[in-house]
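Novice: Take a look at the following structure, please.
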Amino acid sequence: EFILLGFSSSPALRLCLFGLFTVLYSATLIGNTLVFVLICLDYHLHSPMYFFLCHLSIVDICYASNNVPHMLRNLLGQGRTISFAGCGIQIHLYLIFALTECVLLAVMSCDRYVAICHPLRYALIMNRRVCLTLATASWAFGFVFGTLQASLALHLPFCGPCEVDHFFCEILAVLKLACTDITANKVLIFAVCVCFLLFPLALILVSYLHILATILRIHSVPGWHKTFSTCGSHLTVMCLFYGNAIFMYMGPGSSNSSGREKVLSLFYSLVSPTLNPLIYSLRNQQVKEALLKLQRRK
C-alpha cells in the first residue's frame, strides 16, 4: 500500500484547509449538479452549447469526487494509507477525466466559433449526430490514453517506503517511487501533453482569434460588449486550465517539485470545477431563466 503525505503537519493549518476545501467541494457538487439538472429539465437549453456544458459538469463532478474526499480524510488525520489497487484506480480515473476535459474544452471552443462566425449554418453544422460524435470522442480519447498511461505506470516495480508526497495518487508523484528507469513513461506523458494540451490550446486560440475578428465587425455596442465579455471569460478559464497543465507536466523540473504539483493539482481538483459552472453556465441569462422556472414549479 501507499502512504499519502498530503499537506502540512500543522494541525491548525490542516483544519483551516479542511474547512476551505470542504466549502469549495460542496460548491463544485452543488453548482455542477444544478447545471446538469437545469439542462436536462429545460428544453430551451437543449442546444449544442448546453449539451457540451452538461458533459463538462459530469466530468468536473467525477474529477473532484475522485480526488477530494480522500484528501479531506487525510487532512483530518485519517485515510493516509491507500491500497495499491485503490491508488491505481485513482490514477486511472483522474487521467481519464482530465484528458476528457482537455478535449471537451477544445470542442466547446469550436462550437462557439461556429455559432458566432457562421450563425446561419450553425444548426446544420452542429447537428445532433455531430454533437454526439464529438462528445463520445472526447470520452473515448480520455479513456484510451488515460488507460494507457495508468497501465504503464502501474506495471513498474516500486521501492519502499512507498510514501507519495501528494494528497492523492498523482502520476508524477507515484512515478518517483519506481525502482526502474521511467524514461518511457516520461516520453509518453510528454507525447500525451502535446496531443491533449498544446494541440487543443492552439485550436482554442485560433478559434477565439476568429471570434474576436467577428466581434469587432459587430456594429451594436451592447452586442459587442456582451459577446466579448462572455468569450473573454471563457478564454481566460481555458488558458488557466491548459497553462497550469503545461507548466505542471511540461515545464522545467516538472517531475521534481512536489510543492508545485500539489498547488497546481488543487486548481484542477477544486478551483476549476468550482469556477466552470459559474463562468460557463450560471451567468447565462437562459440558465437564470431556467432556474427561475424550476423555483416556480416548487
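A Cβ is built for glycine as well, from the same backbone N, Cα and C atoms used for every other residue.
Sharing the feature lines straight out of TrEMBL:
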type	residues	note
DOMAIN	31-280	domain 'G-protein coupled receptors family 1 profile'
TRANSMEM	12-41	transmembrane segment
TRANSMEM	48-66	transmembrane segment
TRANSMEM	91-110	transmembrane segment
TRANSMEM	130-148	transmembrane segment
TRANSMEM	187-216	transmembrane segment
TRANSMEM	228-251	transmembrane segment
TRANSMEM	263-282	transmembrane segment
Novice: Where else in the chain does the transmembrane segment (228-251) make close Cβ contacts, counting only residues six or more beyond its ends and a cut-off under 8 Å?
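Specialist: Beyond its ends, the transmembrane segment (228-251) has Cβ neighbours at 98, 101-102, 105, 108-109, 112, 116, 172, 189-190, 193, 197-198, 200-201, 204, 208, 211-212, 215, 260-261, 264-265, 267-268, 272, 275-276, 279-280, 283.
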Novice: Considering every residue in the domain 'G-protein coupled receptors family 1 profile' (31-280), what is the mean pLDDT value?
Specialist: 87
